């Protein structure tokens, strides 16, 4: 063991060497030499065994490394073997036997080394030759397979081209050919590249083989080659087609920002197409739904169980009880009996606790009758006075209705929808609803316009059982994100509050669009304080066998409101308002109603000057400001509010004590809602109404409201109404009642359509699009201006310069200017005497035909004859015939009519003498706007038009404001155009028309702060 170890460990060998030296120095030399020979033989055998092991290890390394690594490894091994042999030779004893053994070992090693090197080199060459043969064979197979595939691809392309002969897109065919040529060139380049660098191709194939081995698809060497060739066929086809397809996609330049910028600069955007697409996209959700194709979940409507106490009541007792509840009247079969306490309506304990917490002691008359009717699953029309608790009447049955159904899941719409006409009323109902929804774990979302839509969309996506909305914003929500925000598929309970306003002509399309998208077997409830008969017919279209509950008559002011009507002049209204505010301002909050937004802002300034802090509320204020103003008014931060009728509906302020109608309401329902803001929930209130003599037509509605509510009617109001009726009767006019809000909405009739077309034409003309192809048959702006001109054309004949026959011609035509021109004439020349005689004979013949004597000659003829005879003009006596002719001329001038006899006389006079025509035209500009009149009547404009057209233009007549007619002998302001050339008159008229048109366009598109909130179409 010790001898073997000294051949492998240096320390052991040194230790052995020192031991051998000590032995050599020993006296027993024979024994020492014998041992040394034995050791040398053992050493040589071990050296040979080690060389064989090294050869085996080198062979294993050759298989694992590349050719370059193998060469380096062999050189390193040779250097190591030499160093080891030298080291071991130094370790041997220095005697003669050891030297001989060393020489033998070296000779053996030198004989073995060439053999070992030759073996390694031959093995490497053999491996390289075999590998090269395999690569060449594989390349040949690949080349054949690729050529076959190219032929098949070409055939397919030819077949595709033949199949697309019908196409007219020659550019696409050229692109296909170019792409095919590029494809073949790319394949050739790849083949050339494979010849240049075969090692890369081989390594790729090795990777493919490894993948196939892992998948277990290759079972042998032959199978491996075949599978490899098949795989490459598929690879060739895919690698050639996929880049081609991606290249075609890349031509769209969708992800290239530079290309996108370029396209946006060069291409024109069709705004009309984009708008149409957007509107169509919005309408997709709101189109009528085919409910027969949708399978809705069943639900329960009837939850009402009549308690024994009510069941024992006889019909007579029920009638008496309804009479006690302010005279409830019920229409419809099967209406339940009215309840007496909250417990009898069948609501949960949580709702009862909420009612107790918010001091709802017992049901009001409308609640007592409406709640059991709705709980029974019936559709309802509820009519009750303002402040009677209509909101609770439809909220409590709604909670019971919702809790009976399964919870709202993800991406599902609400179960109940409450629609209101105003944003303020929507917020108020939401606030009232949240008093109960928190304890019932229900979610309420208020959807209204004027605010950001993103927050409301986020709330709807989280899910809600109840939506309180205005119709316009609800339609926007249904169309947002292709209908993914919310839907109406699970809606089973629909409430329309202030139903008469909702079914106004302006709200009806939006309301019907929403209702038609709800399932047909829904439960629909309507409430309002006023419900005209015309609106009732519209409402019944969406109701199914409704029950009508009416409390206290239709449209009646609450008896708790003390009403006063004051007939007053317009100038004294503000002072009277200050007097009323002095009495009531300290007692509570006050609302002052006006009719227009600008009047609200003006009255606000006047009150601020009078040291009354106040705020104004109208539709022109931003929604956030409106919300804050109402909150401040309800909280008592500001106790005086100036508002339009936007605040007249649904606004509930506890401490409101006074309502002042500064502008008289224009119909009965508006008065009821204004006065109904005070005197709510049994509190005392006061209502003052100012009416002027010019507003006598509204006095009948105020008189009716006072009589129906049981208030005293002032004698001045009765006298005002009586005088108005007598005046209308004397004029032969019929007095019509103006009930309802129908006059405020869009009518969607031909008049509004015509106004919209006119506004569209004005905009097109301003943008230079007046020659577009979509012009309709409506009057354009040029025809409107022409009709307002009320043009009058005349053609007058005058004698040529130097002619003496002007007197006769002027006498025939009746021209005054001819007389003024005759004053400068001298004795007629000899050449004109003959023509003068012909004119005299013609005049005598005409007089003889008409049986007229010398006394019948008109003033112009007498003056002409006197001048021709050389005498003086004597003031003529005015006969009855002359007066009649003057009256006839006035009528003819007003009607722009020329008698036939006069035309015949002018024609004969023109034939008898050489005359010069003068063309005249009158353009009436009295009815145009002031700026338009100024523009065409300025000195610079008239001078420029005269120089351009070579016509004389003068301003005549007097300006008369609208509604005032000129007196006899006067005319409205007009422009008189005179010229000897008809073309000059036409050019002057065209230039005047152009100037007026430009001014009208400017006025149409300019901002006019004085008419804020109202628009006037010229």
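Any Cβ shown, glycine's included, is placed from N, Cα and C.
Check Swiss-Prot against the ranges 282-310, 311-339, 340-368, 369-397 and you find motif 'Q motif' recorded for 340-368. Among the ranges 497-500, 501-504, 505-508, the one that Swiss-Prot lists as motif 'DEAD box' is 497-500. The feature coiled coil, as given by Swiss-Prot for the ranges 844-871, 872-899, 900-927, 928-955, sits at 900-927. Least packed by the Cβ count within 10 Å, out of the binding-site residues 387, 389, is 389. Among the listed binding-site residues, namely 385, 390, the Cβ with the most fellow Cβ atoms inside 10 Å is that of 385. Excluding the listed site residues 384, 385, 386, 387, 388, 389, 390, 391, the same chain places 364, 366, 529 with Cβ atoms within 8 Å of the centre of the ATP site Cβ atoms. Within the model, the motif 'Q motif' (340-368) shows a mean pLDDT value of 90, rounded to a whole number. Within the group of binding-site residues (386, 388, 391), the Cβ with the highest number of other Cβ atoms inside 10 Å belongs to 386.
Residue counts of the motif 'Q motif' (340-368) by helix, strand and coil are 17 helix, 0 strand, 12 coil (DSSP-based). Shown in sequence order, 365, 366, 390, 527, 529, 549, 550, 551, 552 are the residues of the chain, 6+ apart in sequence, with a C-beta less than 8 angstroms from the C-beta of residue 384 (ATP binding site).
Broken down with DSSP, the motif 'DEAD box' (497-500) shows 2 helix, 1 strand, 1 coil.
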